[in-house]
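Everything on this sheet refers to the single structure shown next.
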Amino acid sequence: MNNIILEKIARLFLRVIAVMSVLLLLRGHNSPGGGFIGGIVLATGFIYYGIIFGSDRIQSIIYFNTRIWMGIGLGLVLVAAVIPVFVGQAPLTGLWYIGEWPLVGTMHIGTPLLFDTGIFVGVTGLILSVIITIMEVLKWNT
Amino acid sequence: MILFALLLIPFSYLMLGLLIKKSGIKQRLALLFATVNFLWALALVPIVQFREIIVVQMGSWAAPYGISLVADRFSVLMLVVAAFVFFLTTIYATQSVDKARRKNGHFFFSFGILMGVNGSFMAGDLFNLYVWFEVMLMSSFILVSLGGERQQLEGSIKYLILNLISSLFFVAGIGLLYGKLGSLNLADLSQKMASATDNLAVLNPALILIFVGFSIKGALFPFFFWLPASYHTPPPAVTALFAGLLTKVGIYSLVRFYTLFLYYDHGFWNEVVLWMGGLSMVIGVIAASSQYDFRKILSFHIISQVGYVVIALGFFTVAGLTAALFFLVHNMLAKTNAFLVAGWVHRERGTLNLKVLGDMFNKSPVWGILFFISAFSLAGLPPLSGFFGKYLVLKAGIEADQIFITLVALFVGLFTLFSMVKIWMEVFWKRQPEDIAQPAPINLKPANWMLFSSVVMALAIVGMGLWAAPIVDYCQLAAEDLLTPSKYIDYVLGYH
């Protein structure tokens, strides 16, 4: 498909959506949002991009195979679940580090963020894996 | 952490299975993780003997609010046997399942099932139980349809739809129960019900929905149709895994549910459970005797054997529950082994139609004896495990004054023997029928690991018969725990 307006919009859309999804991920713990919805939002950006440019271009942007991304997501979840065990807490307990950071001031960093990031990566990987497979079956790569 | 590890082990395998590409490495890892899982479950036995009920509160949230993982003696027994079955079927699958399936995630989704099974056995929270059921259902659905043969897809559609209906009932019941009592923690729910005994009828819609959900999962009459429609379609290694684990999770949940909730309204539920168990026994065994497919006969027998466990639960005495647990363990082992032998026959001859098969005993007496052990253990001949299972059930029935249902159970035993003798005669004993066209043998590679896992399983069956006493003692302790739900409540809610 050669439509310059659509192509420009799709590129822009992907960037805006990517920033949005990370925002959703970060505000997730105390406000509506989180890893799951962030992942879905990011995946919609990629789907739109893929509809215009074909699934090969999605694959080249995300670099690793979607399977690997899912694995990385599960790995982050696993790490976040197991870390509390090493400080003598029950698994999945939220551990927080409250620190002063330049520019942003006081910020709480904890294992729930890691957990949510894992979900974020895993959900994006899963949806893209489904979409890329469907596109390959439909030969949507012209 | 000791309980959480049983979820962590399959979860880690799922993670590695996604990251690693080589199927040879994945297969070795599968064997390693299955072994670790079994050893870990085994290590829980002394711990649970010492601590009685192990409770872990996920995320350090206290019991009625957070999610608890609970393992009492019953859970640990189930965890150990499930891990044992899983370990042996994984070894078996390395040679039984064809290469394409192994490459496309046979082990991956088996570990999905293991995670769901382990989770359900430890769930201390009703909604959590539902989630583990779903994990198990999704993985098992993929395993049924993996490979995409025509027959498989037909079986898997029936399997998926009927199981989704069961999940729908289950989750609807959970919703109603939560609306009425405002909690999902099993211990907390049980306590709340104990203090509201005067208007329990209000809860019956929710309980009936959940009960139907469990009955579909456990393949009880009249909800068993999905099982014989789908179990004969996937590769035999998958069927063996399903026969050992899936329906048993439904029955486990039913036992847990009955001892924590339903017994408050004993007068109503006892009749229901006894009738459903009795009818499952009778219908399953009669339907089995009309079949002419090795695996279909065994599938119908699952229904009938599950009925034994349910009637033993219905007796609701210490002896009855002891018998139920012992029978459940025996059935997981013996049934899986019967399917393992079916897998070997299928591999040698490419068919499981009894009319075509014959003369397998001469082909390999060892496999013949392995089938003999598992089949006649199912039929209840001494000194195999089935004999003690049936003996305990019948004894408990007579002691509980349920003479009619006990007589039914005796009769069903006779029919079971008939079906098993039928398979034995048709597959192993009779001459090869000459007039029927024989399908060409597909696979003649060595089957030593298949043989190994089946031998170990058969030894376990014989061992369970010969050294029944310690197992019965353990089951009795577990049954006593089950019959005093206040203990469970105290441990989970931290009053202890």
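Each Cβ is built from the backbone N, Cα and C atoms, and glycine gets one as well.
TrEMBL entries are annotated by machine, without manual review.
These numbers come from a predicted model, not from an experiment.
Summarising the annotation, TrEMBL assigns transmembrane segment to B:6-22, B:29-54, B:74-93, B:105-123, B:129-148, B:160-181, B:201-227, B:239-261, B:273-294, B:306-329, B:366-391, B:403-425 (among others). What TrEMBL records for B:123-416 is domain 'NADH:quinone oxidoreductase/Mrp antiporter transmembrane'.
For the transmembrane segment (B:74-93), the residues of the chain that approach it from at least six positions outside its boundaries are 6, 30-31, 34-35, 37-38, 40-42, 44-45, 48, 54, 102, 106-107, 110, 114, 117-118, 121-122, 237-238, 240-241, 244-245, 248, 252, 255-256, 325, 328-329, 332-333, 336, 340, 343, 449-450, 452-454, 456-457, 460, 474-475, 478-479, 481-482, judged by C-beta separation under 8 angstroms. Below 8 angstroms of C-beta separation, residues 74, 77-78, 81, 218-221, 247-248, 251-252, 254-255, 258-259, 263, 266, 270, 273-274, 276-282, 284, 385, 388-390, 392-393, 395-397, 399-400, 402, 405, 409, 412, 464, 468, 471-472, 475-476, 478-480, 482-483 of the same chain, each at least six residues beyond the ends of the transmembrane segment (B:306-329), sit close to that stretch.
Contact between the transmembrane segment (B:273-294) and the transmembrane segment (B:403-425) is supported by 3 or more Cβ pairs under 8 Å, counting only residues 6 or more apart in sequence. Between the transmembrane segment (B:29-54) and the stretches B:105-123, B:129-148, B:160-181, B:239-261, Cβ pairs under 8 Å are most numerous for B:105-123. Long-range Cβ contacts of the transmembrane segment (B:6-22) within its own chain (Cβ-Cβ under 8 Å, at least 6 residues beyond either end) map to 29-30, 33, 36-37, 40-41, 69, 79, 105, 107-108, 111-112, 114-115, 118-119, 122.
B:105-123 is the stretch from B:105-123, B:160-181, B:201-227, B:239-261, B:403-425 with the greatest number of Cβ pairs below 8 Å to the transmembrane segment (B:129-148).
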